[in-house]
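J.: For reference, the structure I am asking about is given below.
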Amino acid sequence: MAMLAVWALTLAGGVVLIGGVAALTSDAGPIPEPYKLAWTAISLEVTTLLVTLYAIAVGPYRNWRATCLAMYAVITPILITLCNTVLTAKGGLPGSNGSETRANVVAAGLILVSLGNFLQMLVSAVHDVEHPVQLADHHHNQGGKVTV
């Protein structure tokens, strides 16, 4: 249940982030490089959230914890770098029209998503779901023991 709550927190941060980046992008004309990187990071984040949701909803698959940990570990440094860029540039960001509000929204979304990612990594690392019956292929399952 903790995993689902953290997943929802990360998703909420993502919604804020997408709204902020979309607002900046729409008024920036041709999409500048930082926003291309931001949209790439958002796409990776959505993919990772879907993988995590699959693990929560359908049941854990073999090595799901390592997969989630690796994906979040790759994306989070990109998000932190973007957040630093946003907070440094503020009203100077393309598409901000001199206002810091959009930059603050983007930064808030980035911070929420990064925090959610850290929590996802912690929960994934300590979540104990490795029951042999769940992980074993049902054709090779004999009395709850995994056979290879």
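Placement of Cβ uses the backbone N, Cα and C atoms for every residue, glycine included.
Per TrEMBL, the features are:
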SIGNAL    1-23  signal peptide
TRANSMEM  39-57  transmembrane segment
TRANSMEM  69-89  transmembrane segment
TRANSMEM  101-119  transmembrane segment
J.: Looking only at residues six or more beyond either end of the signal peptide (1-23), which have a C-beta under 8 A from one in the stretch?
T.: 35, 38-39, 42, 45-46, 49, 52-53, 55-56, 95, 102-103, 105-106, 108-113, 115-117, 119-120, 123-124, 127
J.: Should anything in the same chain at least six residues away from the transmembrane segment (69-89) have a Cβ under 8 Å from its Cβ atoms, list it; otherwise answer none.
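T.: For the transmembrane segment (69-89), the far contacts come to 34, 37-38, 41, 44-45, 47-48, 51, 103, 106-107, 110-111, 113-114, 117-118, 120-121, 124-125.
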